[in-house]
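A.B. asks: Mind looking over this structure? Questions follow.
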Amino acid sequence: MVKVEIDEGSGFCFGVVTAIHKAEEELAKGVTLYCLGDIVHNSREVERLKEMGLITINHEEFKQLHNAKVLLRAHGEPPETYIIAKENNIEIIDATCPVVLRLQKRIKQEYMQEDLDEKQIVIYGKNGHAEVLGLVGQTTGKAIVIEKLDEARRLDFSKSIRLYSQTTKSLDEFWEIVEYIKEHISPDVTFEYYDTICRQVANRMPNLRKFAASHDLIFFVSGKKSSNGKMLFEECKKVNPNSHLIDSADEIDDSLLPGVNSIGVCGATSTPKWLMEEISEAIKAQIKRQ
């Protein structure tokens, strides 16, 4: 009998849970509710909320909107968004994750200090990611974004550096970047770094590795847009090369199933539990048919 197990630690982080709960609460009142960007980087969950009435809009559409109610998702927004909302009489339902909110405030405080010309504010994160855009917005676009260790090489090591991180990035690579900067920065300037990675995300790593290593086959469930999903999937592959990224039951490859004794189903912080359960049931049904 093949064992199919869902990782108990996988699924929405508390920031996403709060955003979805706020959306459902408003929609239950029968109001017209807009969401600025996909509420979560998972197309199935976005579709479920769309069926409930949630209207997803982009920033250009947001600028044209007046006298409406708009949900801001967990990723956070730059200050400009709040200014537009005030000008256009838009009521904001703010679901920005408290971890992201604290980070925005820290970066803004750093930026407001008088020695700005003498230092670089650096954010380790994904260029263009919603959270990163919100963080860079705290510095009126002055912060430097680096996506990986290689990009740290283009920093000016003759100027002081203040390093922060997107909340969902890899802790291991963050520390590699810290060590690289320490080795290369001029002794005449200062380097301060702040591990601002969400602990709920970071703490998933060891448990996820253990889960992936304990099964013959892993199906990692995540939306293709999820930054966190890509990172966690890579962690699975490191300990179990027989790990496969899917975002729906339709993507289960039948040819992988014969000869395995245990199958693990896990996912990102943007993956709903109901979707992992749906995929687990689909796997069991396919095994029965074989």
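Cβ coordinates come from backbone N, Cα and C, glycine included.
Given the structure is predicted, the values throughout are model-derived calculations rather than measurements.
As listed in Swiss-Prot for this protein:
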type     : residues                                                     : note
BINDING  : Cys13, Cys97, Cys198                                         : [4Fe-4S] cluster binding site
BINDING  : His41, His75, His129, Ser226, Ser227, Asn228, Ser270         : isopentenyl diphosphate binding site
BINDING  : His41, His75, His129, Thr167, Ser226, Ser227, Asn228, Ser270 : (2E)-4-hydroxy-3-methylbut-2-enyl diphosphate binding site
BINDING  : His41, His75, His129, Ser226, Ser227, Asn228, Ser270         : dimethylallyl diphosphate binding site
ACT_SITE : Glu131                                                       : active site, proton donor
A.B. asks: What's the CA-CA gap between Cys198 ([4Fe-4S] cluster binding site) and Ser226 (isopentenyl diphosphate binding site) in angstrom, rounded?
C.D. replies: 16
A.B. asks: Cβ neighbours within 10 Å, counted over all protein chains: which one of the binding-site residues His75, His129 has the most?
C.D. replies: His75
A.B. asks: On the three-state reduction of DSSP, what should I expect for Glu131 (active site, proton donor)?
C.D. replies: helix
A.B. asks: Quick check for the class: what is the C-alpha distance, in angstrom and rounded, between Ser226 (isopentenyl diphosphate binding site) and Cys97 ([4Fe-4S] cluster binding site)?
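C.D. replies: With the alpha carbons as reference points, the distance is 16 Å.
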A.B. asks: How many other Cβ atoms sit within 10 Å of the Cβ of Asn228 (isopentenyl diphosphate binding site)?
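C.D. replies: There are 27 of them.
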A.B. asks: Determine, to the nearest whole angstrom, how far the Cα atom of His129 (isopentenyl diphosphate binding site) is from the Cα atom of Cys97 ([4Fe-4S] cluster binding site).
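C.D. replies: Taking the Cα atoms only, His129 (isopentenyl diphosphate binding site) lies 15 Å from Cys97 ([4Fe-4S] cluster binding site).
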A.B. asks: By CA distance, which of the recorded positions (Cys13, Cys97, Glu131, Thr167) lies nearest to His75 (isopentenyl diphosphate binding site)?
C.D. replies: Glu131
A.B. asks: Using a Cβ cut-off under 8 Å and a sequence separation of 6 or more, which residues in the same chain sit near Ser270 (isopentenyl diphosphate binding site)?
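C.D. replies: The list for Ser270 (isopentenyl diphosphate binding site) reads Phe12, Val16, Val40, His41, Asn42, Glu45, Ser222, Gly223, Ser226, Asn228, Gly229, given in order along the sequence.
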A.B. asks: Tell me, how many other CB atoms lie within 10 A of the CB of Ser227 (isopentenyl diphosphate binding site), whichever protein chain they belong to?
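C.D. replies: Looking across every protein chain shown, the total is 23.
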A.B. asks: What other residues of this chain sit with their CB within 8 A of the center of the CB atoms of His41, His75, His129, Ser226, Ser227, Asn228, Ser270, the recorded dimethylallyl diphosphate site?
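C.D. replies: What remains near the Cβ centre is Val40, Ala130, Glu131, Thr168, Gly223, Lys225, Gly229, Ala268, Thr269.
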A.B. asks: Have a look around Ser226 (isopentenyl diphosphate binding site) and count the other CB atoms within 10 A of its CB, chains all included.
C.D. replies: 22
